[in-house]
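What TrEMBL records for this protein:
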DOMAIN    49-192  domain 'Phosphatidylinositol-specific phospholipase C X'
SIGNAL    1-20  signal peptide
């Protein structure tokens with residue numbers, strides 16, 4: 001589905017330079033809302049309450065907290081901290097948790113990211129408290145651990161939901177994708193582990209995922225484009241959210257995530273800008289990249305401005 005001819009100017013700069021903030025965010029209203037002059041930290045606030053998350057184009061990140069590279073920087077997938085990613089417009093997070101000593105450490109493979117799950121939840125809560133018109137989608141999975149599904153679920157539910165009091169922050173319904181009005185100020189959980197609630201990442205009735213992560217650049221770009229095309233053609237006729245990973249490696253001994261991002265991110269940004277300049281507003285779902293906001297820094301804004309009306 002396309003949103004039609006060019007809508008009102010959004011007030012953000014996209015392209016090879018960083019996002020330039022607009023004049024302020026509109027408050028959330030149920031009808032006739034726009035994201036005209038939206039700022040990156042509040043671009044959702046001007047969208048109507050009845051817009052469901054599957055009908056959005058959402059900037060996202062692969063391995064959202066992987067800012068520590070380890071040997072040869074192979075584990076580093078982001079330059080910006082989680083608060084800075086959210087402030088840059090990112091609204092889909094990919095969080096990898098290693099169960100250890102009864103809690104979750106954030107990892108990318110074997111590399112500890114100097115952050116724990118309570119830090120992630122606190123930073124999301126702080127952002128949403130400051131920007132109550134927004135919502136964040138968060139995929140949670142086990143990383144670098146042979147802990148059982150039961151152990152993972154027990155830590156998630158008992159420590160973080162009950163003991164640390166994050167239950168009210170998370171939207172954990174599993175049978176449908178919510179409308180924005182139902183989840184403003186909250187985190188929508190997308191679960192890659194059983195027993196923690198939320199939308200099952202394997203539920204193909206609700207999520208359409210492209211995550212082929214060991215492809216050379218040309219093949220990966222073809223998959224990304226195919227998924228973007230499918231999301232646009234399907235939008236409005238189904239209730240599935242497209243989740244499109246742009247990140248890749250080719251299985252080399254010393255992977256270099258930044259090198260791939262430097263080739264792929266500009267391709268995505270260019271396509272989005274060309275669509276926008278033609279007056280098209282396709283729905284692309286969540287598009288997840290490495291080095292969001294720093295490699296092709298205008299990419300988050302190029303995505304979220306697709307949500308403005310035609």
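Even glycines carry a Cβ here, placed using N, Cα and C.
Secondary structure counts, DSSP: the domain 'Phosphatidylinositol-specific phospholipase C X' (49-192) has 45 helix, 42 strand, 57 coil. Confidence across the domain 'Phosphatidylinositol-specific phospholipase C X' (49-192), taken as the mean pLDDT and rounded to a whole number, stands at 98.
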